[in-house]
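Before anything else, here's the structure in question.
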């Protein structure tokens, strides 16, 4: 049987772990060929703590290069041998959130869309993935680079010579997030507890979700990968929750959720969900 191949397209270092980390580890453990393409170096990220604060964009502006090392370490924890960057490391700069001033380097959202699409399409033709994973049209939570990564990936899948059998969006389950936030255990005292009502941009209904992967067996790998992104992510001592620079406490969910954007679904369970992104494909 042909070896399964999966490609994950993400906007910044750490996104691969935050949204699809356990999925990546799962398919690597199954013997699949897994590649991660990151579109920027995450130069505009907010730095947690004082140790690496001088790397930030308003100081030395060296964060992007440092985050290559973080990404490399995180991918190693997930079983991926090396990072890949769209157009090469540093080709397009992190765009920052809405309102972030443009820098000298061309931002990802301002780049030549045709060039970006052709570059990713060439990678798809090289890697020939059976499954491609990226964000939904809102980029998960509205970040301009996530939205742009969705658009570029969608266009590249359509433009590539290789016919990708299945395209998925990584999404959050509204019901699972609400339950996990409500039942979350002790967190560091400086973290901020919120409810699902405080996170209006997050979440899909159960009816809108197509796949849910129970990845409990790979949560330790995901937590180790989260810890590798130390300038961006703080992880609780017990590994059950994490926070970004805003100190909002979020659960480490053992299940990762997906919407099938293109292709045919395989077998579904009693909830109407696939439990394997490779379901319906003749690959191992």
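Don't overthink the numbers, they just go from 1 along the chain as shown.
Backbone N, Cα and C atoms are what each Cβ position is placed from, and that goes for glycine too.
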In Swiss-Prot, the Zn(2+) site includes 12, 15. Which of 130, 146, 148 does it also list there?
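Same Zn(2+) site in Swiss-Prot: 146.
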So for residue 15 (Zn(2+) binding site), how many other CB atoms are inside 10 Å of its CB?
29
Once 12, 15, 146 are set aside, which residues in the chain still have Cβ within 8 Å of the Cβ centroid of the Zn(2+) site?
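These residues sit around the Zn(2+) site: 10, 11, 14, 39, 42, 135, 139, 140, 143, 145, 149.
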Among the binding-site residues listed here (12, 146), identify the one with the smallest other-Cβ count within 10 Å.
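Counting other Cβ atoms within 10 Å of each of the binding-site residues 12, 146, the minimum falls on 146.
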Where does residue 12 (Zn(2+) binding site) sit in DSSP terms: helix, strand, or coil?
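The residue in question, residue 12 (Zn(2+) binding site), is coil (DSSP, three-state).
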